[in-house]
């Protein structure tokens, strides 16, 4: 377990500040997560539902009077009398909160849309469901308020028809009209606690919390007593922590560090429990909090603190006079007590798991939270808490040095230097010494004595010198474990058996919990509000013609006013919301957001706490620097200022001349030496000539002088003592300079290099750093280092590439690679190694061009193309221009499924047929699908196609693979599926995981018919005038060339999937630019290009069908930064955050659209006869064809024109007659 502990704590103890800051940042994020969960939970929500009941009104004698629902129902159920019933429904439109305060909303358009275009669920229009205010009229009673912040649409309905129409409206959910998006039911509602401001939220939360706790007054007094006892024990635990920390010499910081570690563990535990679906109730957490504190306890962090304080080198130097690094002190303390701490954690978590499996309500959740909290507390103890202890050790050392420096200055004592220049260690390096100066004990006043008697003497457990006395193991941990086990046992028995008459079930039955819903009435719609009263008055005016006498009784009106429906209006274009926003308002909004963030009650406290800790810690560190580690450092501070030196420079000898003896003898005084965290490695280097032995009385490398030093002189001597290394040449390396290069760089013999390699510092990469490249090449050439293991041995990607390049070059016949123009520098080889390529010697750059942009499904996309073919990007751009003029390209995804087709052998065709039938059956397919999809959360099996060839069964799995191209994913899933199939057919033999039934990287009719990867169909309409002006041809000519070339010509050639002009050209260029597998252009380029006239022959209708585009945006070449940057340009890099597979599908749509642009441009060029001229102008190599060529047969008279090519093999291959020669054409 020590290895595990060191793995967790090594980084934290040597980088404590970074660890603490990182953990506090994560804790802040966890706090925001918890805060969001609390604000949007139902705990603080109102205990009654926010629904509002409808109101009922009766118009009699020109006045509206509230009536009951029974009266309105009677008028509805018994029509034909003097009463007429109807329903009113108001639709309130609200603007987005981010719009300007002065913005208004015109609801006339959306109101007309709702009335005219939204039918009821039954299919009836609103006009047939509405209420007519008079008998002869045909218009409905509808009212719309004028433009404003919240306009209101009022609709009238016949009785019983409002719900039919309202259900249809709510089914719409969203309506987009005139650039505005309307969300039905998402408008203004009762403000929830999640929407409140910080101050209002705190007040509301406190009031809701008080009300919730007030509801607990009906709880049993025994339960309240148990909770009260728990809180008392929790505060006793806090007091024990404070007293134990004070006994270890810390009044505040140790206990604060332990408490902060536990608090952060609790903050991390709550989101973790939420993700694990452990129910968390604030009331239950409040009741369980004291028991959680007692369960976690602080005995384990205190045990680790005692082990640190008991370390012999916490304040005492080592034998070489240097202080052991604080991180090493913490790690050695962990080695001593870490296993016991882990044992206690494991036992407590194991006991809590018994409670988790007890199936007792309440106890199960408490034990689950407590176990998770203990696990997180264990992690924080070995990470955050160890970093805090490291800082405490450093601060304690600095404080001790400062106190001793003050004592020396009071006694006017200085540091003594012995005859050989070694400073005498003081009281910190001795347990007891007669020469040590004993500080006089100060007389404590009454207040100090009272404090010591009440809370204990500070540092009472520490020896003289500040080190903890050895103590036996505290039995408190075992006692706590026993109490937890007893608590769980009694709780389970008290719940499951009737030991007494006052069990938990009996108390619950005698005191049932009453909710607020039983006493709080549900509110009604208020008909006296101005919005409703105004509508009712308008209805009364419109209804006056109906108040005629029929017989002798006037017709009266009863109205049901339902709760309003809110519709949220959100402008789609950001410019609409921010059209009036100037720079000053933007800055004001930013400052307001920042003020609200900083004004958060917890964030502001974190900032203040961190600032206070930073100021206090910086004060200690600056005082420690000022105090120094000895009198010489203190004098240097006074005279020359503070200078920081690394350990590597401190070992350089300052002078070869002996220093004069000090004039005065000095008393011994303590001196503390601080060492860096990692020791410097001194590698053996060859010396050009032996040097004479130095004198015996030579001072050691590190000497503390009794007189002030001139820092400028010391710096000059240090620079002179450093070895001088010549910089590498900046001019290009030529073959001549390469030949003399070994004489310029001294190369050690093979024996010396092998000695450094085998006996040098470990790991081996450190030893190889002391060898130059030529010496490493020598080791590789002699077989000591394998070329494929250079990266592992050197631990340097760039150097490994450089060395491998030299090895391959010198072993080749031409020996030109080492100094060739193949680039090597400024490349991130870390992403390549182990993922994309092996035996890397550089990289091959390709020109990257951008065609377009092209409008695809309403959005503009640039088309990245990596190619070395001239006119390709320009031609594709011309096609994009023509397609954009016609409105762009529309694409559809018809299928998405990567395939893998293994070959399986059976002993007979009968068993092979049975296996085929099993796979194609419902039960067999379900079994294989379950096994297949268990290997990845992205692998979703679409279908299985089987085929028999003798005794061999071929199974073609088609799978959705998310945003990855999916070959690795589906191969792993296929292996799992075949393993499950072998349980049903043990005699089967898997011949090959890929039996070429996929078919991968090979042309095949099955891929053309069934599809593989993404199947895309694209369509576009190009106007005839664009065909003439941009493409310089006609619609009739294009259709004729396409039919004769792409369809008839390909059919004559017997092509499979090759019914196109040059789809592979564009597809491969995009593949190379976006990091796809270029080998898969074989099947991905399967394409059928169709053209036909439309709109009476005036325009051109063009379609592209590509059934097997195999692309991905995750893995493979997409991990390389250049290719990833191109995917960023398209907005499809990585996995889609919400819809897996959407990024890869979008990339396939872009590729198909780009192919359409390239096809359109090339066929137009063929139809117009521009192809040859374009290639002669843009894609013809002038160096290789200096003159226009024409048919010519060389004869005997042409021998004089024979020239020899300057090939590297010309000097080696004698008598070559055909190779290396060319005949000029005349």
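Glycine residues also receive a Cβ, built from the backbone N, Cα and C atoms like all the rest.
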Self-check item: transmembrane segment according to Swiss-Prot, located in which of 460-480, 481-501, 502-522, 523-543
Solution: 481-501
Practice problem: Write down the single range among 316-336, 337-357, 400-420 that appears in Swiss-Prot as transmembrane segment. | Solution: 337-357
Quiz item: Near residue 936 (NADP(+) binding site), which residues of its own chain have a C-beta under 8 A away, given they sit six or more steps off in sequence?
Solution: 969, 972, 973
Self-check item: Integer Cα-Cα distance in angstrom, residue 938 (NADP(+) binding site) to residue 1077 (active site, charge relay system)
Solution: 20
Exercise. In whole Å, note down how far the CA of residue 970 (NADP(+) binding site) lies from the CA of residue 869 (active site, charge relay system).
Key: 35
Quiz item: At the Cα level, what's the spacing in Å between residue 970 (NADP(+) binding site) and residue 1001 (active site, charge relay system), rounded?
Solution: 16
Self-check item: Helix, strand or coil at residue 970 (NADP(+) binding site) [DSSP, three-state]
Solution: helix
Quiz item: Here are the recorded positions: 869, 964. Which has the lowest count of other Cβ atoms within 10 Å?
Solution: 869
Quiz item: For residue 964 (NADP(+) binding site), what is the secondary structure by DSSP, using just helix, strand and coil?
Solution: strand
Quiz item: Quick one: Cα separation, residue 964 (NADP(+) binding site) versus residue 1077 (active site, charge relay system), in Å?
Solution: 12
Quiz item: Here the recorded positions are 938, 966, 968, 970, 1077; which one has the lowest number of other Cβ atoms no more than 10 Å from its Cβ?
Solution: 968
Quiz item: Near residue 1001 (active site, charge relay system), which residues of its own chain have a C-beta under 8 A away, given they sit six or more steps off in sequence?
Solution: 1079, 1080, 1082, 1083
Quiz item: How big is the Cα-to-Cα gap, in Å, between residue 968 (NADP(+) binding site) and residue 1077 (active site, charge relay system)?
Solution: 13
